[in-house]
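Asks: Handing you this structure, nothing more for now.
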Amino acid sequence: MIVLFRRNLIDLPINYSLNYYWSSGFVLSVFMILQIVTGVLLSFVYVADFMCSFFMAMNLSNDSFFTWCLRYWHMVGVNVLFILLFFHMGMALYYGSYVKKGVWNVGFILYLLVMGEAFTGYILPWHQMSYWAATVLTSIIDSLPVVGSIVYKYVVGGFSVSGDTLIRIFSVHICLGFVILGLMIVHLFYLHKDGNSNPLFSFYSFNDLVYFHSYFTVKDLVLFLVTCSLVVFWLFFVPDLLVDIESYLEADYLNTPVSIKPEWYFLAFYAILRCINSKVGGLLLIMSFIFFLWIPTEGGSSVYSVWRQVNFWLIVSLFLSLTYLGGCHPEYPYLMVCQLFSLMMVLMMLVFKLY
């Protein structure tokens, strides 16, 4: 065990040209572990009952300073987690990490699981926005041809979102956390087995290499401390910065919110979904983008190609624009712009992977 630890975290040969983008993987892993720890502690006092789960979540903020910190760290932590995740995926896409198929495939599965984990966690407080977000998004399953209605009943536990849905979501949320933890270890294994995608790094050559410790443990620690400082500032000064006001209202089955929208890290996909009149059409467009994002090709790093750099930053710009548009009301001209940007982003991703 000691030999394995030293081989992977201390005596690992690594290229000295790695910048702070590569440190995002370490910080992301630590924050994921912190999310799992705080989530387990919160599960001790949470009750998956649609009659009292909302009041149970609200009481955590009023019970003691520790439970307040625990709940809000979990809320702020998931936002920081997705910021780091987008940086990490952007770095991997820019440097062509999909050439390393083992690392890329496991990492992409991790991204999908983290999205599922975040969505199920968002529903658990059973407030107004989470209930209606669950109702809208699970209705997509019902729109699938042939098997949609059957699968929908198994997912929600009945004919509509109810207390049975909450129990199932709570179970899935707890299980996914430990699945993600296991896949993180597999991701690290493939990374150290095949090497990283740094354009100056050769896994089979020992030119310009240094040991991981202490050169990069210090760099990782610096980025982690800076990130923690920002999180602490966020936690104590603006804890409700990205919290919707509907999140402080109990779920009302008879009163629909003015604008139903998920958290900011889902807004780009939500914008694509609602800009198409057909639910199935919107779902196919999202799946097309995710497929093109995942598929491993032989396209290399963008470092030595100006065209690929322009293409990459266009994709980033379109994704950020759709994130903003996803928070706007579904009306003209936002819907028309969403349709244009959605098609452009899917096509640009296809071109990026092909060339």
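Using N, Cα and C of the backbone, Cβ positions are placed for all residues, glycine too.
Grabbed the feature section from TrEMBL, which reads as follows:
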DOMAIN    1-200  domain 'Cytochrome b/b6 N-terminal region profile'
DOMAIN    202-355  domain 'Cytochrome b/b6 C-terminal region profile'
TRANSMEM  20-37  transmembrane segment
TRANSMEM  72-95  transmembrane segment
TRANSMEM  102-124  transmembrane segment
TRANSMEM  130-155  transmembrane segment
TRANSMEM  167-190  transmembrane segment
TRANSMEM  221-243  transmembrane segment
TRANSMEM  264-294  transmembrane segment
TRANSMEM  306-325  transmembrane segment
TRANSMEM  332-352  transmembrane segment
Asks: Check the transmembrane segment (72-95) against the transmembrane segment (130-155) for contact, please; criterion is three or more CB pairs under 8 Å, pairs 6 or more apart in sequence.
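Replies: Checked: the transmembrane segment (72-95) vs the transmembrane segment (130-155), no contact.
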Asks: Does the transmembrane segment (264-294) reach the transmembrane segment (20-37) with at least 3 CB pairs under 8 A, where each pair is 6 or more residues apart?
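Replies: Between the transmembrane segment (20-37) and the transmembrane segment (264-294), which are separate recorded stretches, there is no contact, as judged by 3 or more close Cβ pairs.
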Asks: So, taking each listed stretch (20-37, 221-243, 332-352) in turn and counting its Cβ pairs to the transmembrane segment (167-190) that are under 8 angstroms, which one gives the highest count?
Replies: 20-37
Asks: With Cβ-Cβ distances below 8 Å as the criterion, list the same-chain residues six or more beyond the ends of the transmembrane segment (20-37) that contact it, or say none.
Replies: 73-74, 77-78, 80-81, 84-85, 87-88, 91, 114, 177-178, 180-181, 184, 188, 191, 196, 198, 216, 219-220, 222-224, 227
Asks: Restricting to the same chain and to residues at least six past its boundaries, which positions have a Cβ under 8 Å from a Cβ of the transmembrane segment (221-243)?
Replies: 20, 23-24, 26-27, 30-31, 69, 72-73, 75-77, 79-80, 84, 263-264
Asks: Summarise the model's confidence over the domain 'Cytochrome b/b6 N-terminal region profile' (1-200) as a mean pLDDT value.
Replies: 85
